[in-house]
């Protein structure tokens, strides 16, 4: 046996060991009574919610970066990663221009709340659902002609969409190009005569964003367990097989695109409100690549992994400001290493469909190479596909 083969075997054994440990941890967690699980999750949620107030010395970004503002930036990236995870992780559609939806949401908030805008002004909180509706429209508008494409072709088209939005912001007079919009609105509320949601105070913005993330995660969790979520998994794993089994793949891909676009627009509107200024220089392709890196780093297809990945991608440049200018290089190297040693990301997706197929193979003895077992496995796979479409 050559050295390369031995090294590969060692790597496989190490991966199996780590996987078994992770399975044991999951088993212990699932074995806990429901009330204990809720207790642990509640404590974690409270710590995360009040993180800017606690300001743990071990993770603080001060004095280089204001910690509450850094926390808001982490929450913003986490929300963006949640939306992109629906498209890339759940449905398996490579989207390189997600920054376009983020930009649309930001401009919606600016156009209807900024003092520089000539449009009718509405309360900032009203712009959040409005931004979601507008970005869903753009998502469907982009998806109808392009979602027939796959792989690299779809990636190139979405990359072009992100650039088109940025160029439109530069040439359309109503969007004000480099000048942009000052004094974008914020949620109401004052304390001691001062605005609570101030651009210089990140804590209220962070808490609001975390609350939104929790709601979005609950909604996405229900969606994943529904017929829609099962269809996304089927499309991601084998689109041709899903079509053969009668799954309307185009409809569900469009659904994923619209869902991801809505979350991207929501995060863009929140970003515009906190920063208070929007122009065409804030939505470049490099930022879109960071969004994608957050999903891949955390674990494509796992919403908890997307949140963690988004927080990490935002936290590291704020924590180590001396290397902030090299963040694209650093995350590029990290992703290369990750693809070699852990391609599924920090928190891999739990694929119940593939797990069920694996159990069928064990029950039928496919590993022994029996033709009858293989036929039974294929029958089981077809049954699973049909169950997804019911």
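Each Cβ is built from the backbone N, Cα and C atoms, and glycine gets one as well.
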Of the residue ranges 153-175, 176-198, the one that TrEMBL records as transmembrane segment: 153-175
Which range of 4-21, 328-345 is transmembrane segment, per TrEMBL: 328-345
Residue numbers, six or more beyond the limits of the transmembrane segment (205-223), whose CB comes under 8 Å of its CB atoms: 45, 48-49, 51-52, 68, 71-72, 75-76, 78-79, 82, 86, 187, 197, 229, 259, 263, 266, 270, 273-274, 303-304, 307
Proximity of the transmembrane segment (67-88) to the transmembrane segment (289-316), 3+ C-beta pairs under 8 angstroms: yes
